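Annotated features, as they stand in TrEMBL:
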TRANSMEM  33-52  transmembrane segment
TRANSMEM  64-85  transmembrane segment
TRANSMEM  97-115  transmembrane segment
TRANSMEM  121-142  transmembrane segment
TRANSMEM  149-166  transmembrane segment
TRANSMEM  195-218  transmembrane segment
TRANSMEM  249-272  transmembrane segment
TRANSMEM  284-303  transmembrane segment
TRANSMEM  310-329  transmembrane segment
TRANSMEM  335-354  transmembrane segment
Amino acid sequence: MTARPEAPAPQARPRAAESLRARLVRAVLTQRIVLLAILLVLVVVVMMALDATGRLSAAYNPDYMAAALINAVPLMMLGLAELVVIVSGRGGIDLSVGANVSLTGMIFGFAYGLWGWPLPLAIVVALVVGALLGLVNGVLVAYLGFPPLIATLATYYAYLSLALVSNGQKPINTAPIQGLYSASGSVQLPLVGQYLPLVPAGVFLFLLPTVVVVWLLMARSTYGRALYGIGTNDVAARWAGLDVGRSRMLAYVIAGAIAGLVAVVTVSQFASARPDAGTSGNGMALPAITIAVLGGVAITGGVGRVLGVFLAALLIVWLNAGLLLAFSGNLSSQIQLLALGVILIAAALLNGVATRRYGGTQQ
């Protein structure tokens, strides 16, 4: 009697493939940087495909994408300002950054455009004024116990009113400011510039230095580590000997200083100091908060990375640039708002899925 041959053992390749898919799903759901990078590439590929099929009103190419970075400068900088404030915890948020930009921009306009102060001095004045306006928020929140939402909403109205009455609701567009606009165009990258598109000067003069400083502050300094701890659990931070009030107040001062630099950027971009520069339309505060949250900054505090805000801002700017070519007239701006809302809701849903399945997102 011959023995029956044994059935071949089942192969483990499908299980390994499933394991690989599970790891990819986990990475996408829990690693916000990975998700943003995928979405960013997807947006660029889709827009270029639409361009190739003739469905856009103009070319969506590297030159156009580089020119669109002019919109990323103020939004990304204010997104970083919101990162610092939101990480500080206890409902940290700054709704006044747009009004800060308006008021500080008017003061910069007076100093440089009307009083003839040297440009470096006028920029320092804008930085200091923005920081002082942020200090008011910090004192209200950290020492007087105001809820951040109420405190910064109140200062939003106060700063906006001061900006509007400072020059009788009229912009300042004197010759020095016009010259600043002319000098703030696109520039060529050193060494490799002949192979790459021209990039707005504000990217090098304001945005990249701000990104580096905020990254060093949040990721490499004692203050940054303390701020993450305070945002996670300020009671434990107090028991650990951290000065919670001072650290939280400084977060609003830093946000205000960044808003002061954004004021200089807006004056150079608009060729005038406008009293509504940071508040017209949808304002600058809500898009900045949206970019911060989309970039993985936890609204409860204690979580957030500069790289996430950087990628989120690029995603929004290049998506809006494509939608501007895909739709004509006022419809494009409405579609941009719709897309922003859909992306934010999708990010919130993914956060919920990641929390239920994997215990939350990672930075």
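Each Cβ is built from the backbone N, Cα and C atoms, and glycine gets one as well.
Please treat TrEMBL annotations as automatic predictions, because they have not gone through curation.
Across 64-85, 97-115, 195-218, 249-272, 284-303, stretch 64-85 shows the highest tally of CB pairs under 8 A with the transmembrane segment (310-329). The stretch from 33-52, 64-85, 97-115, 121-142, 149-166 that makes the most Cβ contacts under 8 Å with the transmembrane segment (195-218) is 64-85.
Cβ atoms under 8 Å from those of the transmembrane segment (149-166) belong to residues 91, 93-96, 98-100, 102-103, 105-107, 110, 133, 136-137, 140-141, 275-276, 279, 285 of the same chain, restricted to positions at least 6 beyond its ends. For the transmembrane segment (64-85), the residues of the chain that approach it from at least six positions outside its boundaries are 44, 58, 92-94, 97-98, 101, 148, 186, 196-200, 202-203, 206-207, 210-211, 214, 217-218, 227, 251-252, 254-256, 258-259, 261-262, 265-266, 269, 284-285, 287-289, 291-292, 295, 297, 304, 306, 309-310, 312-314, 316-318, 320-321, judged by C-beta separation under 8 angstroms.
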